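Following: one structure in structure tokens, then a few remarks.
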């Protein structure tokens, strides 16, 4: 309720008015005009406008920035955002020379959002002499406003006619922005224009200058570079590429060879021999055969399985496979152009089971076979299977020319098993390897699970249209059989198309995130511009990546950065918008530049922490040896940092522009306007939308501010045990069993589509099930041992460009021709053949160790022929150098001519340069190790062979000491690089996260807890991926290393909030961090989760894996940060300076300066000047200390409760003290006490209390620093006659706290007193600024307050005061009753009965105005006696913590004015205590751990009002959120 000047009329929040007659106040204005001093133009004070309800130049009092849910007000307010009709003409001045306290009369809280914005050159003044007209600016909140300059009764009874208002727009000379925030506030369009220009230039340069990326080869870059094996493999490949005719190296001595023969310029020495040979189809046009050729790897093929899980060896299934072949492949219009032909009109038949059964049973086609043919063929296969299995039945047992069995081969094989080679081809190509095993010999019908179909078309790009037209959208089944695997040779080509087509899923994710962001911010403009900033981040980072960093390779994985950036960018936008709205709520009348400065100071730090940790996790991938991973890490990390830069330049300018011009562009989000009831569908829809949003807002507020803290704290031990168990289980899965498996597919079979795709199933499953694939892909092939001399194993290419492999670097010390080298290398070959890992081949080996072959050739030459000398047997080994150099050339040419064995670039032996000088030597042997994809076996092979060769080379002569060994180790090197690189990247990410956390909080304990939480997140996430069947491949390595960057964000936010919490105890800090950051973190997790979920339908594996990972890591990270980390802090969290790193004050981050700056020794009286710096300077000059703390307030002190011990920094004007209207009252404590001391004798109780306050050494409730001690801070505060101005108040209070930033009381509110609340329309005032911003979803603003109004009469009418010590957890409220002798109303006044305690701790108590005092604390009870003067001492309950002290008036003299409390609509769960204490019992309480959680009473007639229990006698100090 509010007070009317001249009478004690009380307006309750439910609309009723309670009045009581009183003596008129001596300060009541006679005409309702503003008294002002008449000053000269040069004497006009040019002070900074007070942002929180200060007196303005035109006599108005800035109304607060408040959305209210005043649904009980019966009338509709007048329209907001118009020129104020109650302004006086510009020329009207008052002759009064004093600044009376009635200078500004507050507007109704329901009308408090009509923001009057002065130009910057007009400054606020306490006693202005002019009234410059303010422009009626747009409304900032969804509640209309009035601009009132008359006393309330006169105004509402006699509303004047709208006067003509002259709008004066003073010229604004150009002034260079004082700061970056001023630049954003004054020139947002310029900032946006510059950013747009930069983005456009980067886009044009990035697209036009370098070549566009090519994704045709998705496997490009998936190879290690820079490792020992990698360098050797690159050098070996360079050797093969540079070996040939007229190349750097050659197998033949060409100068010598040209003298012998000039026919060696064959294609076998061409440059393209270094590429991987690909077997081409050797078309065989034999018309006398049913089939045109033998099926081979070069043909397109399809794998069938039974649709019902039965065997395929039955007549319907066999015919079904033929039907699918005819309907899906052979019927395609392009098939006739692609197929192999025997005649001009017909294509060759496909190799299917049906056609083989037909040829064996003399049927014309597959459709003609019968059941008997199937049985006969099965019997034949059973008879011949053993010959195939023991190797006697081969592919050449049938003589096609003679059309009979080859008489010279397969002598032990029955003739029927060799007919047409059908049995061999069926068992080798068409059926799986388990069909005719000895285990199935006794089965009546062996189970044929899979069957292959070969089509007479070459696989490759030509099959693309057939697949897209007939297979892509087909359900792959005809009811009998199902196509489970396809190999058309178009996997990588199709991947490039799918990579572009599946970008629709990231687009859907972006759209949904946009929708969430739009609902959250209620601004389509901010949403679209945020998304534009995210897309621009990718564009600018692409420019930096390609042009500035000069990266030539752009892997396809870089496209997935968009998905990660959408989630991070949305999170940053939420943080910035939240802090902006916190600032606007806390400083509703702050200049735009100041609001931007405060917002950036806190939001920029928060966004930087999250962006830097995630970017660091990406950049940590640069330590990997795999090219694609390194490039992706650089690009993604750069994109996140660029996004951060745009979020602190682009987005603030967007918000300023939106706040200034575009606030009402969308009608549904527009503030309610007073208009006739609109029954249109759009109006009804908007109204319902607002109601739904409000309901969701309230539900989320209740959950995050009440339910979630209650759940976390009450079950904290259960949560700790549960999440520790999960961590241990995840660590066991990751490290012990089953462990994260390394890749099981070769690089050529690298998975690019989802696992269910038929292309991927063929590579992953069916290649292992058919014998021709097992033999072709190296199963059971021996690993080669290749030893090389003469070339240095150096990779001189660009490791960031997979196409740059460098050039050969020859070893200048190499010398094989010396006798010592000849003898050593021969001995080396002999020793190697004696090793256990050497495999002896049956065939004669001419090339393995060339020195052995050369020595044997020399010994076989007859020296009788003069032409052979000296290359003959007369020479003994080792040979002279000149003999060796000459004879080696003859031996090579003779070997080529006599044996017909042609040497190629892979053949071991000597390598010659263009001068026929031996520059390199290659030896190659077969090992007993078989090729496998198992990492352990390959590691054993490499370690064993490499260690033996290294040991032997240590004794080699100088010319052979630099040899090295290589083999087919590409896949093993990839596995090794992935396993090591992933662990290193994760460790580096954790180290960076710990460093950032430490630098952010300056607390070791919190940082360690955060790292423990991150470790648990990593173990559980990776363990879950292991159980999902993930293998540690390239994509998986990237995603897992990024898990650190994505999971650290939540712990950092909670940790910072824990440090910022003003509560001294752990529980209060945990509740503060949960209520402050809970909803913001949940929204961040939700947006990232949604972005990941939208990836799941994608065909591209990179999208689906990233989506799976993002969903999993968001859920696990949120759970660990919310329950595990917070429970750790609740049980073992630091208190006070525990774990705090001492750091110089000047170098601290500003959010912690208030907690780090004060020391116990800084509380002396010599520091009191710092406290007075917060008072209003008549010259408008604020100290630097005030300015620094002013910007700390929105994050550090959004609420002020009895347990927070936090003050607010913004001073108030005298008029706000004396007129009884508090809009944003912030009163310097020393000033208040100084005023009290000047008027009260030292013998009065108030003075005694004051002296005791200065003597005691306990916590000061007015200090931001919880270590600052000043007990009994709330004492007898009284404001005297209007002549006492703010600057006249002393600064003698609480000298022990004066040095800190917290020497002031702020009676803060975003609400003006109810002047015309009965005019507010029910249902039109929307309470929710956002849908879910933390702490602002409630039906009141965060800094809601109740103020008291008192009419001062005389200084000597002072009531006695006493000190009450109230419990921090169970706050009390007092009920003030006037004496019965009072000639005015004897009605008891009502006091708010709820103390929010950070919106968490609530208890309703009814108290008597009589105070009880005791040494240990006091406890009040309701008393029905109106004239109680005696003080009783009550003992506080043992479980209660005594931290807050309040000074309450014991009695009010009947000559003194009465107190009235303006009960405004407030938070659910709080209501005014009526006269009877029994009424408070309607408010239910439930015990939540150690907290008292209050349940709202929905049946309250008077809206609930949150107040603070710290109440002073004649000047009620009420602190709330």
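Here the Cβ of each residue, glycine as well, is placed from N, Cα and C on the backbone.
According to Swiss-Prot, the features are:
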COMPBIAS  1-10  compositional bias 'Polar residues'
COMPBIAS  11-35  compositional bias 'Low complexity'
COMPBIAS  1355-1364  compositional bias 'Polar residues'
COMPBIAS  1418-1428  compositional bias 'Polar residues'
DOMAIN    485-657  domain 'SSD'
CARBOHYD  14  N-linked glycosylation site
CARBOHYD  58  N-linked glycosylation site
CARBOHYD  390  N-linked glycosylation site
CARBOHYD  581  N-linked glycosylation site
CARBOHYD  1455  N-linked glycosylation site
REGION    1-55  region 'Disordered'
REGION    1355-1440  region 'Disordered'
TRANSMEM  189-209  transmembrane segment
TRANSMEM  499-519  transmembrane segment
TRANSMEM  524-544  transmembrane segment
TRANSMEM  548-568  transmembrane segment
TRANSMEM  603-623  transmembrane segment
TRANSMEM  637-657  transmembrane segment
TRANSMEM  717-737  transmembrane segment
TRANSMEM  986-1006  transmembrane segment
TRANSMEM  1008-1028  transmembrane segment
TRANSMEM  1038-1058  transmembrane segment
TRANSMEM  1081-1101  transmembrane segment
TRANSMEM  1109-1129  transmembrane segment
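Between the CA atoms of residue 581 (N-linked glycosylation site) and residue 390 (N-linked glycosylation site) there is a gap of 81 Å. Taking residue pairs at least 6 apart in sequence, the transmembrane segment (603-623) and the transmembrane segment (1038-1058) share three or more C-beta contacts under 8 angstroms.
Only sequence-distant pairs (6 or more apart) were considered; of these, fewer than three Cβ pairs between the transmembrane segment (1081-1101) and the transmembrane segment (717-737) are under 8 A, so the stretches are not in contact. A count of other CB atoms within 10 A of each Cβ picks out 581 as the most crowded of the glycosylation sites 390, 581. Confidence for the domain 'SSD' (485-657), expressed as mean pLDDT, is 88.
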